[in-house]
Every structure is written in structure tokens, then in C-alpha cells.
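Engineer: Please read through the structure below; I'll follow up with questions.
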Amino acid sequence: MLALRCGSRWLGLLSVPRSVPLRLPAARACSKGSGDPSSSSSSGNPLVYLDVDANGKPLGRVVLELKADVVPKTAENFRALCTGEKGFGYKGSTFHRVIPSFMCQAGDFTNHNGTGGKSIYGSRFPDENFTLKHVGPGVLSMANAGPNTNGSQFFICTIKTDWLDGKHVVFGHVKEGMDVVKKIESFGSKSGRTSKKIVITDCGQLS
């Protein structure tokens, strides 16, 4: 089963194991630096979008810059899954796991529950690098089931999550629509179960 980790412990996608405290680390202020995916933008980096609704009601659009200048393989995977050019991708999939004051997770377009998904390179692909860090809200990072198990599942942070540095590959950040991410977050719970069905109704590439 795919999972996020908190330190050396797994945070299961469908439920939080008893060994994991329900209280997550408090939000911390972030400082701009070389590991911040939003600290500098390259004109060559792709901009993609996710249009999201909750129980059929539009929430808005999230625009993401993919850091192809730092993690080109990971960025290309996400870009192609947004456009659907490989014949599969994120359109119609859900944000299946949302934990307030932590993150919003999506990308399982096969099983829609956190147990599936696949990359454009096959089932899984290796961690590219850990240059970019989980510095604060809006960071875009890959979910995994351990080292070198990247597929299609991803998460958008709503706080600084530096305990995930070196364990999950950061590959982008929110350029526009953080208010939409906060709306998604509002439908989450400590267990990750959402109170409404949150669907990526459309997605693609802007530039």
C-alpha cells in the first residue's frame, strides 16, 4: 500500500496506524532558500493546472509550476499525467486523502482510494533527487511506499513538512490557487477521509 512517512513511521493512506500520533507537527515559518521550489522560476519550467470540484460544485483552479530544471523526470511524469497524452492520467481522479494542517493527496487514477496509480515509465520509478525541500504551504511532492517507489500519487503541503525531506521527492509548487487548496483542506479529517468527493474534473498544461 502506498503511504506517506512521518520520520521513520508510515502514515497509511486509508487509515492512520495506532503507532502514529494523531497530532501532527505544528506549522512552522519557512525561509526562502535554494531548497525552496518557489524561490526562483525558470521560463522553461512547465505550468500545469488542476480544476477541482467537491460533490459536483466547482472549487476553482490550482496552477502548479513543475521544477523540470531540478527534477526533469519527475516533472515530466506529472506533466504527462496532467495532459493525458499517454492515454491515462489525473482527469476524473480524486483527492482521496486530506489531513488538515498537513497535506492534500491525490493521483490514484486506477483505484481511487490510495492503493493504485502508475507512472508514465511503468509501475514505479526511482527517487530522482532530494534537492528541493518541504519548506511550507504549496509544496508539491511525490507520495511513495518507500525508497524508489514513485508512481502517480502526489500531495500538496498546507504547512512546512520538513520531516519528509530526503524521503519524498519535491518537484514543484503552487503558483496560483492556494485558496483552492485551502478549500480542499477544509473537507479533510484527521483520518484523511474527506467529507465530500473531491474530483479533478479537468487538468492540462498551460505552458
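Using the three backbone atoms N, Cα and C, a Cβ is placed for every residue, glycine included.
Keep in mind that what you see is a predicted model, and the values were worked out from it rather than measured.
Pasting the relevant annotations from Swiss-Prot:
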type: DOMAIN; residues: 49-205; note: domain 'PPIase cyclophilin-type'
type: MOD_RES; residues: K67; note: N6-succinyllysine
type: MOD_RES; residues: K67; note: N6-acetyllysine
type: MOD_RES; residues: K86; note: N6-succinyllysine
type: MOD_RES; residues: K167; note: N6-acetyllysine
type: MOD_RES; residues: K175; note: N6-succinyllysine
type: MOD_RES; residues: K190; note: N6-succinyllysine
type: MOD_RES; residues: C203; note: S-nitrosocysteine
type: TRANSIT; residues: 1-29; note: transit peptide
Engineer: With DSSP assignments reduced to helix, strand and coil, which class does K175 (N6-succinyllysine) get?
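Structural biologist: For K175 (N6-succinyllysine) - judged by DSSP and reduced to three states - the answer is strand.
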Engineer: Tell me the Cα distance separating K175 (N6-succinyllysine) from K86 (N6-succinyllysine), rounded to the nearest angstrom.
Structural biologist: 25
Engineer: Tell me which of the modified residues K67, K167, K190, C203 ends up closest to K175 (N6-succinyllysine) in space, Cα to Cα.
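Structural biologist: Result for K175 (N6-succinyllysine): the nearest of the modified residues is K67.
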Engineer: Given the model, what does the mean pLDDT over the domain 'PPIase cyclophilin-type' (49-205) come out as?
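Structural biologist: So the average pLDDT across the domain 'PPIase cyclophilin-type' (49-205) works out to 98.
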Engineer: Nearest of the modified residues to K190 (N6-succinyllysine) by CA-CA distance, picking from K67, K167, C203?
Structural biologist: K167
Engineer: Report, in whole Å, the straight Cα-to-Cα distance of K67 (N6-succinyllysine) from C203 (S-nitrosocysteine).
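Structural biologist: With the alpha carbons as reference points, the distance is 18 Å.
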Engineer: Given the modified residues K67, K86, K167, K175, K190, and counting only Cβ atoms in the protein chains shown, which has the most within 10 Å of its Cβ?
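Structural biologist: For the modified residues K67, K86, K167, K175, K190, the Cβ with the most other Cβ atoms within 10 Å is K67.
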Engineer: Test of understanding: give the count of other CB atoms lying within 10 angstroms of the CB of the residue listed as 'S-nitrosocysteine'.
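Structural biologist: For the residue listed as 'S-nitrosocysteine', the 10 Å Cβ neighbour count is 23.
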